[in-house]
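A.B. asks: Straight from TrEMBL, here's the annotation block:
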DOMAIN    170-319  domain 'O-antigen ligase-related'
TRANSMEM  12-42  transmembrane segment
TRANSMEM  54-71  transmembrane segment
TRANSMEM  83-99  transmembrane segment
TRANSMEM  106-128  transmembrane segment
TRANSMEM  140-158  transmembrane segment
TRANSMEM  165-183  transmembrane segment
TRANSMEM  189-207  transmembrane segment
TRANSMEM  214-235  transmembrane segment
TRANSMEM  312-331  transmembrane segment
TRANSMEM  343-360  transmembrane segment
TRANSMEM  366-386  transmembrane segment
Amino acid sequence: MFTQYRILIAPSIFLFILPFTHTVALRLSMLGIAFLTALYIWHKEEHPSLPLKLPLLLTALISLASVFWAIDPSYSFGEVKNELGYTFLAFFTFFILTKSDRELRVFGGALLVGTIVMISLGLGAYLMEGRWNETGYQGGVHDFSTYVVFMIPVLIFACFYTKRLYCRLTIIALTSLLIVAGYFTLQRIMWPGIAVVLLTVSVLLIAASSLHKIIKITSGIVVLFICIALLPVGLTAKNNTPYTSLSGMYDVIKNDPRVDGIWGASITGIEQAPLLGVGYGRRSFVKAYPELKVDLGWHTHNIILDKTVQTGIIGAIIFTFLMACIIRQFWLAFRASLSREMLLLSLCGIALVLAMLIVNMTNHSFVRHSSLLFWSLLGISLGYSFRQKKPLSS
């Protein structure tokens, strides 16, 4: 029994410690061991063809090419290594290693244990100090709120996947506590991210069910109402805006420094190097245009603007193409679902991608361990899906 599971030890440790800050050395060591294991299995065993080859290749090419015209080539090269090299290794590793329900359960268990510790650290520090601890192992407010949004689809899948009532109740309680912990980060964009996850999963689940048409429509309206009701929660917490005051919420959005400040400066910067950008890496923006620096403006606080500043319009198009290809893979899996597990995994995968894009519209947290988590989850999901009876085309 131990022999069967020992190859999963390193990747499981990696998934467990992945969300914690200050664990870079251990995290990358476990990823390296897991990657070598996956490479050996890839060489020795038959496996499905790796998906997303073309968009991943284009992403790597434009990012590496940007080093040659970057404002700071050494910085951009280091960012390519950290943000693309390690994340692509994680995707490959978990795609190769996730072959059956056994890996799905082990990796899911590692993620859930990590979630329990993250909640304990976040809530514990907040209750003791009365504020969010930015330097704790649970990470700062941006990292933790992004983690919450990324884990909601995982927890939804786990809740449906398990057949034991006490496990489902435990996962529901864990999800509730995770959202409560996320509330204390006061990150407004977290709530649209959660709403997108709930809406996507609910709509696709309703569409795939055999319910009567009227029941489907009614259920969809109820879910949509709940998701819309979630959106003002973040504004209420951070700005003391009355929940029913639409004008108050509009003023908060209108007066946000990102609207005219950071985003305006970003567009000005893009106009100076529209096609190819100024080099890969978030800090390339302030390195290239120090005269445009505004409050909070060392990067663009928007993932699309960031990609455009770094690698130009070409890079932004390639990034959009990559995200579209990922969604397409999950959509094909959803349409071809031969099992309940495959159906749930595919719709949660679509929700994950959409939520990632939403939470990075007002910030850019799709870096370091958040990016590693995203690509690891994609590898697990697509690795499992591609090993069903009807493998998907790559």
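Cβ atoms are placed via backbone N, Cα and C, with glycine included.
Keep in mind that TrEMBL annotations are predicted by a computer and have not been checked by a curator.
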A.B. asks: Can you see whether the transmembrane segment (83-99) and the transmembrane segment (12-42) are touching - at least 3 CB pairs under 8 angstroms, only pairs 6 or more apart in sequence?
C.D. replies: yes
A.B. asks: Can you say which of 54-71, 140-158, 165-183, 312-331, 343-360 has the most Cβ pairs under 8 Å with the transmembrane segment (12-42)?
C.D. replies: 140-158
A.B. asks: Given pairs 6 or more apart, does the transmembrane segment (165-183) have at least three Cβ pairs under 8 Å with the transmembrane segment (54-71)?
C.D. replies: no
A.B. asks: Quick test of the contact rule: Cβ under 8 Å, at least six residues beyond the ends. What residues does that give for the transmembrane segment (106-128)?
C.D. replies: 5, 8, 11-13, 15-20, 94, 98, 136-138, 144, 147, 151, 154-155, 158, 161, 171, 174, 177-178, 180-181, 184, 380
A.B. asks: Where else in the chain does the transmembrane segment (343-360) make close Cβ contacts, counting only residues six or more beyond its ends and a cut-off under 8 Å?
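C.D. replies: That would be 145-146, 149-150, 152-154, 156-157, 160-161, 189-190, 192-194, 196-197, 200-201, 204-205, 208, 302-303, 323, 326-327, 329-331, 333-334, 337, 366, 374, 377-378, 381-382, 384-385.
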A.B. asks: Across the domain 'O-antigen ligase-related' (170-319), what does the mean pLDDT come to, as a whole number?
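C.D. replies: For the domain 'O-antigen ligase-related' (170-319), the model's average pLDDT rounds to 73.
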A.B. asks: In the same chain, who gets a Cβ under 8 Å from the transmembrane segment (54-71) while lying at least 6 residues past its ends?
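C.D. replies: Hits for the transmembrane segment (54-71): 77, 80, 84, 88, 91, 276-281, 284, 287-288, 310-311, 314-315, 318-319, 321-322, 325.
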